[in-house]
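**Student:** Sequence annotations record features per position, and here TrEMBL assigns heme binding site to TYR138, CYS158, CYS161, HIS162. Look at TrEMBL and you will find 138-292 tagged as domain 'Cytochrome f large'. Marked as transmembrane segment by TrEMBL: 388-407.
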Amino acid sequence: MSFYGIAGSGYNRFDRKEGLVCIFRWGFPGKNRRIFLRFFLKDIQSVRIEVKEGLYARRVLYMGIRGGEAIPLTPTDENLTSREIEQKAAELAYFLRVPIETMQTRTTFYWIKEEITRAISVSLMIYILTWTSISSAYPVFAQQGYENPREATGRIVCANCHLANKPVDIEVPQAVLPNTIFEAVVRIPYDKQVKQVLANGKKGGLNVGAVLILPEGFELAPADRISPEIKEKIGNLSFQSYRPNQKNIIVIGPVPGQKYTEITFPILSPDPANKKDVYFLKYPIYVGGNRGRGQIYPDGSKSNNTVYNATGAGIVSKILRKEKGGYEISITDPSDGRQVLDIIPPGPELLVSEGESIKFDQPLTSNPNVGGFGQGEVEIVLQDPLRIQVLLVFFASVILAQIFLVLKKKQFEKVQLAEMNF
């Protein structure tokens, strides 16, 4: 049994009966001569598709020889599609009874491109973590770490990183009609005179952020349906959904707290006629509002916006002030000489001095946090227009009935007066 196939500019013959593989073909580009190769069938180890990535991706079909180098079956300049080369490899592998392998080769250009991309990503992350205007609140942390921002206990997950408790207020209409735009106003009050510790240890302004958890079916209003009055209240704020498939959960932030302590969310109410899972009922709305940076990062490590406690008891034997800010505090236990090293990042103010005796878990620094997180809840009624119409008709009928009763009473009084005079 033999197998014939065209590979690039050459003609190949694979003879299973004779146990031979003969490759008779033209040379690769730049070689004006023919090449005749012959192998034993038993020495063929695999058929390999190699993808060479670079400025232009190329796919080359190789035949792996046991104890030797792989033999290319297609020229490197032949532009075969992925489907074409996979079909060639499948036919050949089936005939030879050998597996198909895939290898990816990265060229120097691809490596340079990848390194540049990595460098830009690292620079962007450093920029995000250190710049003042976005170092105060990170709704993206919650989006990455939690499928739902509200836990089964009712607590919003932002409280896991923002430990201080601060007030937040929300104002919505008592009832709304279906398919209408209404405002949900979230207020995040704080003293605008205070400054917080930034990631680099310096002082800066507070940013704010909020998450609004609406009932199923409610969502952010489309831009073309928002009135000019509401647009003026919104300003330059940009809202986003917590997840692409969770349009009823809206997050915003961080935004400058000096300008946005009051945030107006434009909301579109659902229409039960178009959505099966929506009914004319009373629904809860949950809100979480934050001002300032958190105390704990999502990985569990502390930020520099919290108090640092001693990890051991004893005498403060040495305090080393680091060049870029922060401290290294050595605590020695007098009983056994064991030494503990506590590292304080730049930002918190030191409360202890060398030679001072301290206890385990005693605060070594002040608590620089001036922000905090709060959450609230309010109810809204999705009102059926028919109910209002029926109510109005009822009120009208009552008023008319009262009028007719009064007129009838006046008529009756006139009749009585006429009978008395008669």
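Including glycine, each Cβ sits where the backbone N, Cα and C put it.
TrEMBL does not curate its annotations; it predicts them automatically.
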**Student:** Give the number of CB atoms, excluding that of CYS161 (heme binding site) itself, located within 10 Å of its CB.
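**Tutor:** 21, counting other Cβ atoms within 10 Å of CYS161 (heme binding site).
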**Student:** Within 10 angstroms of the C-beta of HIS162 (heme binding site), what count of other C-beta atoms is obtained when all protein chains are considered?
**Tutor:** 25
**Student:** Going by DSSP, is CYS158 (heme binding site) part of a helix, a strand, or coil?
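**Tutor:** DSSP assigns CYS158 (heme binding site) to helix.
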**Student:** Within the domain 'Cytochrome f large' (138-292), what mean pLDDT does the predicted structure show?
**Tutor:** 92
**Student:** Counting across all protein chains present, how many other Cβ atoms fall within 10 Å of the Cβ of CYS158 (heme binding site)?
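**Tutor:** That number is 25.
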